[in-house]
Amino acid sequence: MSSVSQARSLGKYFLLMDNILVVMGFYMVFPLISIRFVDQLGWTALLVGIALGLRQFIQQGLGIFGGAFADKLGAKPMIITGMLMRALGFIFMGIADKPWLLWVSCILSALGGTLFDPPRTALVMKLTRPWERGRFYSLLMIQDSTCAMVGALLGSWLLQYNFKLVCLAGALLFLFAAILNAWLLPAYRISNAQTSMLEGIRRVLYDQRFVTYVFTLTGYYILSVQVMLILPIRVNEVAGQLAAVRWTYAIEAALSLSLLYPIARWSEKRFSLENRFMAGLTIMLLSIIPIGMIHNLQVLFLLIGIFYTGSIIAEPARETLGASLADNRARGSYMGFSRLGLALGGAIGYSGGGWLYDMGNQLDIPQLPWVMLGMIGLITLLGFYRQFHQHHYQTYSXYLSGTTKNNSYKQ
């Protein structure tokens with residue numbers, strides 16, 4: 001094995017190890033925020049939704065600046081600083097007894113994510129070849145689902161004793177991840193060329209095709225973020241016990257472990273990235289509409305499983321499509337900007353989802369948030385259909401050959 005290939009291989013193993021800590025730390029805390037502050041403390045879903053939306057919007061909305069800093073300074077200092085800031089945010093969350101304290105903790109967590117997320121994503125692009133990238137994203141998703149389940153199980157177990165323990169455990173995982181990155185992560189440069197911050201940002205903003213794709217993702221994320229807000233609340237309502245919330249993540253993990261990689265391998269040779277993404281989005285929107293009408297826990301879990309199946313189909317295609325559209329001369333800036341759709345979708349999805357949930361309860365129309373989410377999904381699907389057919393996106397076969405829209409793939 002050549003030294004370059006060995007470096008790539010070791011780098012990918014480190015990314016997988018690092019991802020375990022990051023995902024477990026996140027899911028140990030965030031899925032339980034709505035349970036803690038809405039169900040246990042009696043806050044409105046809108047109030048908690050604003051906090052979660054604020055975290056999402058700041059982290060993803062400022063991602064282009066985090067990515068631009070990483071293009072300039074390298075990945076390592078940004079990742080370490082961001083993880084330490086996320087740990088501090090979790091400590092503040094553990095003592096939050098007023099809305100402003102929860103918001104401060106979410107802002108700190110968001111700023112940490114702004115610093116470490118774009119360079120980590122750009123490292124995946126740097127360390128994987130185009131033809132293996134889709135499969136590596138699938139492996140990361142399998143790992144995400146498994147670690148999310150384990151993190152949520154540990155968090156819900158600790159919640160029986162004290163929410164402070166939940167937040168402390170999450171903070172310790174991010175602290176450990178920061179130490180590992182300081183010790184083991186090489187000082188990678190994530191872009192192919194020496195690019196100034198302003199030049200990297202300019203490249204992204206003038207790339208109309210990429211910008212359009214990112215903003216259209218807003219509707220997709222409005223649907224997907226509900227697994228962190230009103231979906232756990234709905235499961236808790238139907239089941240009448242907190243333990244049932246854990247099973248939603250167990251379902252996701254089981255489906256990911258059994259289906260994600262086989263589906264990715266099978267579909268990548270038969271369908272375009274665009275069609276795979278739209279098929280997954282279609283399944284998600286069709287499964288989310290009836291949730292408010294269901295009062296049987298088994299049927300609810302079935303719909304959740306179908307929703308996750310749609311996500312399993314859509315997510316690897318979305319990640320790979322976004323990477324194929326990025327300019328390798330400014331990887332960090334592109335990957336940072338790519339999170340803007342999640343920023344907008346998260347802010348609208350959390351605050352809007354919480355508001356719709358409260359309105360549905362006030363009007364005694366529990367179906368309201370779910371039907372509206374389905375309509376948003378349909379509009380998004382139509383937007384992607386028009387976009388993909390108008391702009392003639394780069395085909396998957398061209399992507400596998402290592403050619404991007406801006407330049408040949410270079411490491």
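Yeah, the Cβs are placed from backbone N, Cα and C, and that goes for glycine too.
Per Swiss-Prot, the features are:
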TRANSMEM  13-33  transmembrane segment
TRANSMEM  45-65  transmembrane segment
TRANSMEM  73-95  transmembrane segment
TRANSMEM  99-116  transmembrane segment
TRANSMEM  139-159  transmembrane segment
TRANSMEM  165-185  transmembrane segment
TRANSMEM  213-233  transmembrane segment
TRANSMEM  243-263  transmembrane segment
TRANSMEM  288-308  transmembrane segment
TRANSMEM  340-360  transmembrane segment
TRANSMEM  365-385  transmembrane segment
The transmembrane segment (139-159) versus listed stretches 13-33, 99-116, 165-185, 243-263, 340-360: most Cβ pairs under 8 Å: 13-33
Same-chain residue ranges lying at least 6 outside the transmembrane segment (13-33) that approach it to Cβ under 8 Å: 48, 51-52, 83, 86, 90, 93, 102, 116, 120, 123-124, 127, 139-140, 143-144, 147-152, 154-156, 158-159, 163, 166-167, 169-171, 173-174, 176-177, 180-181, 184-185, 227-228, 232, 245, 249
Non-local residues, at least 6 beyond the ends, that sit with Cβ under 8 Å of the transmembrane segment (45-65): 30, 33-34, 37-38, 99, 102-103, 106-107, 109-114, 117-118, 197, 201, 204, 225, 228-230, 233, 333, 335-355, 357-358
Contact check, the transmembrane segment (213-233) vs the transmembrane segment (340-360), 3+ Cβ pairs under 8 Å, seq sep 6+: yes
The transmembrane segment (243-263) versus listed stretches 99-116, 165-185, 288-308, 340-360, 365-385: most Cβ pairs under 8 Å: 288-308
